[in-house]
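S.K.: Mind looking over this structure? Questions follow.
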Amino acid sequence: MRKKVIAGNWKMNKVLSEAGEFMNSVVPKAPKGNDVEAIVCAPFPFLSKLVEQAKGSEVKVAAQNMHFEDSGAFTGEVSPVMLKDLGVTHVVLGHSERRELFAETNELVNKKTKAAFAHDLTPIVCVGETLDQREANETMNIVGEQVKQAVAGLTNEQVAETIIAYEPVWAIGTGKTATSEQANEVCTEIRKVVAEVTSADVAEKVIIQYGGSVKPANVDELLAQSDIDGALVGGASLDPESFLQLVEAGTK
């Protein structure tokens, strides 16, 4: 039985005081136990404070991106070594906004995924198709290729620990949501692709999230699907009560 993983991706939102208030609201009320994992994916300047506030709780703190090198002349970048030193446990990689706005490629996402494992960080690897690709019936090919390239060169054990987030680009921040059946169909395909490049046993262990306009009103239906093990949530994760409702849904 795979546990549910609910990750809130704040993107470029909040200031430090607001981030602290959020954690003050969430940490004491977050469900305890092994049924669900709550992860807050925050901007770099907040990570140290949030890790401190989450100490002693089961709330995890993630970065939204990182460089693949440990150090060097990469002005403006943050390394996996820095994140690990802060106490961060997870890192979001290859989000569609990074791919589209910052030209991140499958090859780059793979380098970052390997770097995450080299420093004992759990990668949340994002994959997903655009509206044009979906309408051209390219969804499975596009997403399958993104998955294959992201996990290329990883050990089976590392693949089993990778969290894959399926985020159809056309459903992010648009208010449009893939139906639970559409979402599950792609998540099932992702598991099949993982099985092809590793084994059925490994594929059964991989946690696959859905992301794209997830909110308390639709999360139950999404999490009830056979191959959806959690959610990567944007806007609805910015409010502590909304985020707690989403996490609570993972315990059902």
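Here the Cβ of each residue, glycine as well, is placed from N, Cα and C on the backbone.
Since we're looking at a predicted model, the values are computed, not measured.
The feature substrate binding site is assigned by Swiss-Prot to Asn9, Trp10, Lys11, Gly173, Ser213, Gly234, Gly235, with sequence analysis given as support. What Swiss-Prot lists as active site, electrophile is His95, and the listing cites sequence analysis. Residues or ranges marked as active site, proton acceptor by Swiss-Prot on the basis of sequence analysis: Glu167. Feature annotation from Swiss-Prot assigns phosphoserine to Ser213.
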S.K.: Using DSSP and three states only, what is Gly235 (substrate binding site)?
M.R.: helix
S.K.: Roughly how wide, in whole Å, is the group Asn9, Trp10, Lys11, Gly173, Ser213, Gly234, Gly235 that binds substrate, by largest Cα to Cα distance?
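M.R.: Among the residues the record ties to substrate, max Cα distance equals 14 Å.
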S.K.: In sequence order, which same-chain residues at least six apart have a C-beta under 8 angstroms from Glu167 (active site, proton acceptor)?
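M.R.: Residues satisfying the criterion: His95, Ser96, Cys126, Val127, Gly128, Tyr210, Gly211, Gly212, Leu232.
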S.K.: Other Cβ atoms within 10 Å is the metric here; tell me which of the recorded positions Lys11, His95 scores highest.
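M.R.: Sorting the candidates by Cβ neighbours within 10 Å, the top entry is His95.
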S.K.: Within 8 Å of the centroid of the Cβ atoms of Asn9, Trp10, Lys11, Gly173, Ser213, Gly234, Gly235, which other residues of that chain place their own Cβ, given that this set defines the recorded substrate site?
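M.R.: Once Asn9, Trp10, Lys11, Gly173, Ser213, Gly234, Gly235 are set aside, the remaining close residues are Ile172, Val233, Ala236, Ser237, Leu238.
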S.K.: Could you say which of the binding-site residues Asn9, Ser213 has its Cβ with the most other Cβ atoms inside 10 Å?
M.R.: Asn9
